[in-house]
Amino acid sequence: MAPKKAKKRAGGANSNVFSMFEQTQIQEFKEAFTIMDQNRDGFIDKNDLRDTFAALGRVNVKNEEIDEMIKEAPGPINFTVFLTMFGEKLKGADPEETILNAFKVFDPEGKGVLKADYVREMLTTQAERFSKEEVDQMFAAFPPDVTGNLDYKNLVHIITHGEEKD
């Protein structure tokens, strides 16, 4: 009976961390974990991190740097611990700041506005592409100004707070 109880506790912990992410995200984390678990023992240790860095071209990583990474974990880093660590890091991320930073990549001068045509092109041709209808809906809800600029700072504020900035 005791092993079943232990298993239930582990299962409960798993269900909490696994509910933080969508299934596709969990699969992506699993792929990253598998790549980092160089010796395929189900745990990421110092040697795995060193080998991962080497595979990425960083061969002179200091022991202290690797030790600091390992210390972030509460114990041996299996997949559940790995997922929990990422969940805790992502949980603290401010959604408004995250979205603003994504727009700022395209606004190196920091004006707070982008040409609507450029935004439309980026949304329909890059990464997880929006459909024409989705972009049309966005511009219907957040129309560009008379000069064709989209005030992305205000857009992000409305997305994250549900109201316009004063």
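Every residue gets a Cβ built from N, Cα and C, even glycine.
Looking up Ser15, Ser131 in Swiss-Prot for phosphoserine, the annotated residue turns out to be Ser15.
Between Asn14, Asn47, Asn60, Asn149, Swiss-Prot assigns deamidated asparagine to Asn14; no such entry appears for the others, which is not proof they lack it. Taking the modified residues Ser19, Thr52 in turn, the residue surrounded by the fewest other Cβ atoms inside 10 Å of its Cβ turns out to be Ser19. The subset of recorded positions (Ser19, Asp37, Asp41) lying with their Cα within 10 Å of the Cα of Thr52 (phosphothreonine) consists of Asp37, given in sequence order.
Highlighted in sequence order, Met36, Gln38, Arg40, Gly42, Phe43, Ile44, Asp45, Asn47 have their Cβ within 8 Å of the centre of the Cβ atoms of Asp37, Asn39, Asp41, Asp48, the residues recorded for Ca(2+), and are not part of that set.
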